Amino acid sequence: MGAVKNYFKGQFQIRKFKLEHESSYDFYESCFQNNRSALPLLIIRGILFLACLGIVLASFILTAQGISARFWPIYLTHWGLVLITVASGFGFAVSAKAYYGGPIDSDFGLPWYIKAYWVSYSTSIPIAIFITVFYWIFLTNDNQEFAVSFALDILIHAVNSVLMLILLFTASHPSNLLHFYFSIVLAVIYVIFNIIYYYAGGTDPMGNPFIYPVLDWRNPGVSAITVVFSAILIIILHIIVTLLTEARDAIASDPSDFYISVWQRTKSPVPLLIWRILLLLTSLAIVITSMTFYGLSEFHIGYWFIYLTHWGLSLMVLSTGFGVAVSAKTYISGPIGADLSLPWYVKAFWVLHNISVPVAFLITLFYWTLLYSANFQEEMGKGLDIAIHGINSLIMFLQLISSAHPTRVVHCTHPFLFALVYVFFNLIYYVAGGKDPLGNPWIYPVVHWGEPAAATIVVVITGIVLIFLHLVTIVLAAIRNAISKRCTRPSEPTDPAELEALRNPPWQSSV
């Protein structure tokens, strides 16, 4: 609680309201780097900028061809597209300036172009996520079409948020809570434009006297409620973006915690390497068996990929696989350094671990409490059913208790973000007319978007349960550490050779 209190105390300061930051390096170096080069982020931001620009051009051209170009600027979605293009463009410009011109001086404050990037960044990310959430929850149930094709619909109402999340997770500069006013100011400007457009006699492409049906100013009470609700949602999304930033930056620890078991008395990576290989092979066997059974059944193998269970299995393989890679890297090359930050592959393992453990627990709990009683069949055999809805959690539990790295409260954003991605996939799959293997218009009967209220309740409850399960993993990690301290001595090297790569010991290098 002390850390949380100090965090909010630090956030609610006057200087956090301004565009002030000690170092300009954070605006052109990725948090995943272990060097000072501006090139990695320059390449990433260049790709993001081109992707955003491509979506904007495709949206404008297709709208001009299918409806009329004059209607394109009236939609908040398109304002958001322009904004993410500006944000990624300024990010690319900042990285290019640092790459070609050398380190950027910030002794007398951040340069204007870094401030411009920071403002557009702080505005575009919550607005992009808001557009995605608002569209798929409130607008897709209307008969009105807001895009000229389904593919474009996905690009401008889903990929937009994905691109901005990539921009967020690859950056290293902060997101301040008090910067919420940037996105609120943009929202206020759009509301004023929306009202003026209505009173000026503006219409949508179908001739209706509104831009969005939920903002029909002929019903000012309903429209006002929508505006207030949207403002609250934008502020909540800004807070979530800030927490995601904290989760991104919280990935810092002793590298040895990621390849030495908490139960060891030595610094050797071999025990955990062998253990993780066994977990990986078991995970692979379950996934391959599950896919093989689908391939041999009457159902198309493509249905395998629609279930959260199978997303969880894929995560399990990735998590155990990256765990093996981290341990193997240490065994072959020696201890991993973290002079500036943890290497990207260690961070990738940590993120995958943070997601896969609570998600595995959720899949097991969700299946045996809600789906099993409803006679829902996801697998082709009872034994396989137990393997992917029971042994999956056992594998992740064994990975958790055999590790030594910490599990942090703020990292609840990792599984939550993964769950959010699956919910959007589930919703888009339904809107696109997707079916389950039996022809039903859902993936899971308890999440049937034909009954949006019931589906939303299930999603919200599931999100709460997932966060609770993340807290359970923290408690399990704390219990693991407490027991191991009583059972083992601290892991201290007794011989300098223990700090060398075991694959190439120093006494062989001189031969």
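Including glycine, each Cβ sits where the backbone N, Cα and C put it.
Listed in TrEMBL:
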type	residues	note
REGION	488-511	region 'Disordered'
TRANSMEM	42-62	transmembrane segment
TRANSMEM	74-95	transmembrane segment
TRANSMEM	116-138	transmembrane segment
TRANSMEM	150-171	transmembrane segment
TRANSMEM	178-200	transmembrane segment
TRANSMEM	220-244	transmembrane segment
TRANSMEM	273-295	transmembrane segment
TRANSMEM	301-328	transmembrane segment
TRANSMEM	349-374	transmembrane segment
TRANSMEM	386-404	transmembrane segment
TRANSMEM	416-433	transmembrane segment
TRANSMEM	453-479	transmembrane segment
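Contact between the transmembrane segment (220-244) and the transmembrane segment (273-295) is not supported, since fewer than 3 Cβ pairs fall under 8 Å when only residues 6 or more apart in sequence are counted. Of the ranges 178-200, 349-374, 386-404, the one with the most Cβ pairs under 8 Å to the transmembrane segment (416-433) is 349-374. The recorded stretches the transmembrane segment (178-200) and the transmembrane segment (42-62) do not share 3+ CB pairs below 8 A when only pairs 6 or more apart in sequence are counted, and are therefore not in contact. Between the transmembrane segment (273-295) and the transmembrane segment (349-374) there are fewer than 3 Cβ pairs closer than 8 Å, counting only pairs 6 or more residues apart in sequence, which means the two stretches are not in contact. If one looks beyond the transmembrane segment (74-95) by at least 6 residues along the same chain, the residues whose Cβ comes under 8 Å of a Cβ in the stretch are 27-28, 38, 41-42, 45-46, 48-49, 51-53, 55-56, 59-60, 104, 113-114, 116-117, 120-121, 123-125, 127-128, 131, 135, 146, 156-157, 160, 163-164, 167, 171, 186, 190, 197, 202, 204, 211-212. Through the fold, the transmembrane segment (42-62) approaches residues 28, 30, 69, 72, 78, 81-82, 84-85, 88-89, 91-92, 95-96, 98-99, 147-149, 152, 155-156, 159-160, 163, 166-167, 170 of its own chain, all at least 6 residues removed from its boundaries and within a Cβ separation under 8 Å.
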